[in-house]
């Protein structure tokens with residue numbers, strides 16, 4: 001097969017998986033897309049629907065159901081498969097069920113001879129990424145999670161709304177768990193190059209207002225799930241950005257889950273931090289000088305994730 005053709009595979013044909021694929025297709029990121037799902041009927045159905053969409057798309061691509069053995073020719077595999085989050089349920093309450101699913105997926109992908117970059121999206125995302133890397137033994141830099149990329153986008157939106165500016169004028173990151181223990185790093189945020197903290201002082205934005213913004217960020221998923229059952233458009237667009245950074249070797253910076261070896265004072269786990277992404281996955285972890293409060297919250301988030309990693313490891317042993 002022609003290795004110059006860019007190929008993206010999706011494991012999991014649920015709402016998140018197909019939203020990621022559709023975002024990738026509309027961005028013209030690859031020439032070939034493959035879908036793997038335990039439900040063959042669903043994979044074929046989506047493939048046929050995407051064929052119709054391709055006829056009205058400005059980008060040329062093919063899409064179809066594939067097998068795990070086909071992954072050896074793919075550049076990126078995105079893994080969204082897992083049971084969905086229920087209304088009122090935290091992501092961490094899904095650990096045992098999704099760890100077993102992820103373990104099986106990882107073994108199949110390893111067997112395929114896949115050599116590209118893996119992006120794990122299934123929740124709880126950094127715990128599942130640890131299990132995936134543990135089971136595949138893949139280079140840790142070639143395995144990432146969607147991490148806090150969506151959380152960071154939500155924070156940028158909240159800051160932009162507060163200041164009445166376009167979200168693209170805001171650079172801000174959420175670190176830690178993709179969930180309730182995440183940390184909005186206001187100390188490193190900028191708006192058109194100006195320190196957000198300076199703007200906070202100038203405009204008299206209170207600490208409570210900042211706390212409320214963070215609460216809105218981490219609770220937004222629950223708001224969406226309670227109203228429509230699941231989130232998929234936001235994460236679909238966000239993950240497509242990660243795929244684009246990998247396929248184009250852009251070296252863009254995202255808040256993704258990467259394996260830390262001492263950065264930010266933690267190690268031996270996947271957790272959301274600002275990261276430079278390229279064709280081989282992780283290029284560099286960007287170190288922010290966190291405030292004492294931010295650092296303490298980040299370490300606390302890491303501790304929570306480590307506890308859940310142990311639960312996941314126990315689940316796949318059983």
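Note that Cβ sites are derived from N, Cα and C of the backbone, with glycine treated the same way.
Taken verbatim from Swiss-Prot:
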{"type": "ACT_SITE", "residues": "178", "note": "active site, proton acceptor"}
{"type": "BINDING", "residues": "16, 37, 68, 121, 122, 123, 146", "note": "NAD(+) binding site"}
{"type": "BINDING", "residues": "85, 91, 123, 124, 125, 126, 151, 152, 153, 154, 231", "note": "substrate binding site"}
{"type": "MOD_RES", "residues": "222", "note": "phosphotyrosine"}
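Cβ neighbour counts within 10 Å, taken over all protein chains shown, single out 146 as the most crowded of the binding-site residues 85, 123, 146, 231. Candidates 37, 68, 123 (binding-site residues) were compared with residue 85 (substrate binding site); those inside 10 Å Cα-Cα are 123. For the recorded positions 68, 125, 178, a Cα-Cα cutoff of 10 angstroms around residue 222 (phosphotyrosine) retains nothing.
Comparing the binding-site residues 37, 151 by how many other C-beta atoms lie within 10 angstroms of each C-beta, the top residue is 151. Among the binding-site residues 121, 122, 125, 153, the residue whose Cβ has the fewest other Cβ atoms within 10 Å is 153. When the alpha carbons of residue 146 (NAD(+) binding site) and residue 125 (substrate binding site) are compared, the span between them is 7 angstrom. Every protein chain considered, the tally of other Cβ atoms within 10 Å of the Cβ of residue 16 (NAD(+) binding site) stands at 27.
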